[in-house]
């Protein structure tokens, strides 16, 4: 509960009891207040116990090729996007290290825009990049943002997520990475400016301009809207790397109109049509983003463009098995903890990939497919000591048969079948 001065009704520090007139600052928290003197005392205690943290530096920045090689361990395909990201991130942190030493040339910030369909790996690339560099990372959804003063989330709340990711170490957060997803959803409805207020489209783009370029932002520590009696966290966004991503559905048509070429094989040849659309996507330019509905000032603060392609069946199968944190490996490990071996046949993996393509969910849908199929297995195995091995076949994925349970006595059990000798 808040503490009040009974005579004057003033707010008081919840720790030492001093009123706001007796201290220089009174910082508001969720239901409590703390004065600057108590903050200083707490800070001294923490520093004595933990020691002063070293200044955040990036002296040993991985080279672009090293970054790409690490990304290969976690993300399948998308080599073009990996190269663009690796170079941009390397240059960004090299620029931070240069600091103010280059008096003759000012090194500009290189924020990144990623264009690619749902489930192509945009979020995973950004997450992996932050893990490679060991920097704070935050994800935001552009569709939840609105212009200040309207119902929704202020853009400053994105910065709060980054500060929270850095355990409220502002200096560390100032060198972090923010990924804003669904950026295409805040495109204005037409290329021409509207006379009506677009609070979740162009208004949000305008609000994002300053933090993308670099400014000292005031962030409410409790989140939500700014209100009186609230002390703000000051954070400099100059060295924060912003990566924005979106599907930009239909941008191929914008590119096609610009280059004046038709999509070849649009008829029945699905493969040619998709390959040609991906080729068009690879040719996307900043002017195409403007035609799509992003304002020129916003595009200008995203100088690096990386395009991702739709994942085919082969790539989805590799995603299931090859990365260090591959889904199949995770489930194999999960059953291994119950002393049971799990095996997916090659045909089963292909069926999972086909189902993800059919659902148009890309790599993002792989986990939900396996979760659905593994539910009965994960429910049954812990309660049975006689199961030695579980085999998932293509018929398991298509629903024609259940998983095969190889028992410790050598027999095989399958849903709907009688026991048979292995």
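Even glycines carry a Cβ here, placed using N, Cα and C.
In Swiss-Prot this protein carries:
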- 13, 16, 35, 38: Zn(2+) binding site (BINDING)
- 117, 118, 119, 120, 121, 122, 123, 124: ATP binding site (BINDING)
- 1-54: domain 'ClpX-type ZB' (DOMAIN)
Shell of the ATP site beyond 117, 118, 119, 120, 121, 122, 123, 124, same chain only (C-beta within 8 angstroms of their C-beta centre): 116, 245, 308, 362, 363, 364
Cα distance (Å, whole number) from residue 118 (ATP binding site) to residue 38 (Zn(2+) binding site): 49
Entry from the binding-site residues list 118, 120, 123 having the most other CB atoms no farther than 10 A: 120
Nearest recorded site to residue 35 (Zn(2+) binding site) by CA-CA distance, among binding-site residues 117, 120, 121, 122: 122
Nearest-integer angstrom distance between the alpha carbons (Cα) of residue 118 (ATP binding site) and residue 13 (Zn(2+) binding site): 49
Extra residues within 8 Å (Cβ to Cβ centroid of 13, 16, 35, 38), Zn(2+): 14, 15, 17, 18, 23, 26, 33, 34, 36, 37, 39
Secondary-structure category, per DSSP, in which residue 35 (Zn(2+) binding site) falls: strand
Binding-site residues compared (16, 35, 38) - highest count of Cβ atoms within 10 Å: 35
Neighbour-count leader, CB within 10 A, binding-site residues: 117, 119, 121: 121
Nonlocal neighbours by CB distance (under 8 Å) for residue 122 (ATP binding site), same chain, sequence gap 6 or more: 114, 116, 181, 245, 308
